[in-house]
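Here's the structure, in structure tokens; my notes come after.
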């Protein structure tokens, strides 16, 4: 037996999927129910009322054997002349057997066969007195014949008509609902119905459509009164940039100043709370995933077409074979059971008491089937009349502001076509969740709910340049409250895919530096005008060159541009970018990428550049001829470019002051003699290379003040280095130098000396003649003692001794007036060897600031 829960689950199919059942499916379901009732009614009648009643046909051949006298003939004649109505009145059946009188059932065949024959007068009198016909059959024999003839004489269609109707109806019902139950389609359909219902009832749908309907209303026009100049500042880059009533923040009306003219901000009201916004965002994500899952196949469409074809074929089959059996249902039937040896008769005339009812039910059934079939044909016509695997939201786009609702295809399109047969409003409201404009508006509302002015103010910090800085990371957009931080100096936007800079940025008069990290920001026209006139520094980090906004190359007052991303040789037409020739005031260009040559478009701004930085990721930089055109470059960095020698193009940069060739593969620097033509060169950085020796020609760089040779393969320091009288910084850390030459005492202007990570074991006394030393790094060597003459370094503020073989520190360290414990890098146990008064002097840096703080 079925449980109540199982039966209830069957009844839930209709309410759950009713929006996917068009009028013809609903009508066919009702027809199937009526056909099912016909089958049940016919079956009930057949089980309770269906039977046949038979009487023997009296033939002369049979009666001559049974009654050879003249009376038998007379009886036969009488039977032949009896009308069909009288014969039926005399019929004896199983149902009427209890009411039959002994006069009707006169005798058995045996008794009548051996009864003495009476005179003709007596026989006539007996016939006149009897009210039935004499057949020589008893009650059991009639029952037997009725059962025999029910199976022999009655056509099979009359017996099995209710069961056939039941089977056909069940097949049609299963065919109509098969696509709801097939494993590969039912989950998609169930998911679609669930999402569709949530989208229909979502508060965001109501808000989005109501805003669209009210855009041109009188109320909206009144709210825009006084803002006639507003369209001048609306972005022309995207439809999303135009201000509308859906502005997510609740703000007060007021004048907001742009670069040119004052802006009027339109007040707006939102009806969504945070919970509704989160639910709407989840719906957008569900719709996106469902579309990707369903739109790549057309299984649901094919299954629906297939079941419709099956129903149509079934209709034709039922109609064809039923028409042939209509005439077989008859009230009268002739039965010839081969049981003459039992009853003495060979032929019987039978009546089927359900014939009339079955014929009426059959005609009704054929009528229902015809209607059902015509609806199936109409369904097939609908399926192939229009391309159901494509669905356009053209009307929705025309009626709403969401002009970006995409057309869909395959099963997604078919399901929407089916929903339209129920109510087109469902598709209209569902389209809201396919629109990126709608999603962006929702994100804006949710974003402004979360990131208020107070919360943003808490995230503002001071950077190393003592500027107010705000860093926004992985948000859905730029909160409106950001533009209310009028004192902000630096704005960093990172991993914000839908960043939009509105005209309100014109309020941020202190803003001069903007960072866009993987953030292809869109800028309104008025906002661009402000940035073009005020922005001085721009950092752009990207994965693909197409992510760089086009407006970047039109910032005429830009001074510093930092580009970090993939700029390989295929995309190298400045970088596949727009020309830089508009950036007439650009002074610093920093490119961190994988270049094989300096992009030709850099030469458009070459005469104006004062600093060029190229940081490669290890890709070899081959073509450097463009450097010759950069006559005003004062600082040049070519890091990690796999250079093996100093490029000759550098020697023509007459204004070069600082050269940094860090992290290359330079082994020899014999070309350094050509640097004598660079009269302004003061800083040379050749660190993190493979240099094994320093040529004596380095003495020709008379104005050199800083020399960085750390992390190379030097073993000695030539005396030529110490002839550079202007040298203030010398860094030879992390080499293999064993001896510090005594000529180091010649560097009277030396302020910073770094020799950490070498093999020095003895410090020459001449080192302490460099009385201007402020920084002395001697860590990780083999030094065993520090001379007492260290006290001569009165300007020393930083001394690194950690990692040597010292057993004590000289007490004269206390005479280094500017040295404090924070600047003394040494092991703790060595520091403890100092006298207490020296420790007290060195510890003053910890107490004095504290005292000042008090």
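Even glycines carry a Cβ here, placed using N, Cα and C.
Annotations in TrEMBL come from automatic prediction, not curation.
Looking just at the domain 'LRRC8 pannexin-like TM region' (1-380), the mean pLDDT is 67. Marked as domain 'LRRC8 pannexin-like TM region' by TrEMBL: 1-380.
Annotation source TrEMBL lists transmembrane segment at 27-47 (among others). Same-chain residues lying 6+ beyond the ends of the transmembrane segment (27-47) with a Cβ under 8 Å from its Cβ atoms: 14, 21, 159, 161-163, 165-166, 168-170, 172-173, 176, 311, 354, 357-358, 361, 364-365, 368-369, 371-372, 375-376.
What TrEMBL records for 111-133 is region 'Disordered'.
The compositional bias 'Polar residues' annotation in TrEMBL covers 111-120.
What TrEMBL records for 121-133 is compositional bias 'Basic and acidic residues'.
The transmembrane segment annotation in TrEMBL covers 160-180 (among others). Sequence-distant contacts of the transmembrane segment (160-180), counting only residues of its own chain at least 6 positions beyond either end whose CB sits under 8 Å from a CB of the stretch, comprise 13, 17, 25, 28-29, 32, 35-36, 38-40, 42-43, 45-46, 186, 189, 300, 303-304, 307, 310-311, 314, 318, 329, 358, 361-362, 365, 372.
Residues annotated as transmembrane segment in TrEMBL: 362-384 (among others).
Annotated domain 'Disease resistance R13L4/SHOC-2-like LRR' per TrEMBL: 676-755, in sequence order.
The DSSP breakdown of the domain 'Disease resistance R13L4/SHOC-2-like LRR' (676-755) into helical (H, G, I), extended (E, B) and coil residues amounts to 17 helix, 12 strand, 51 coil.
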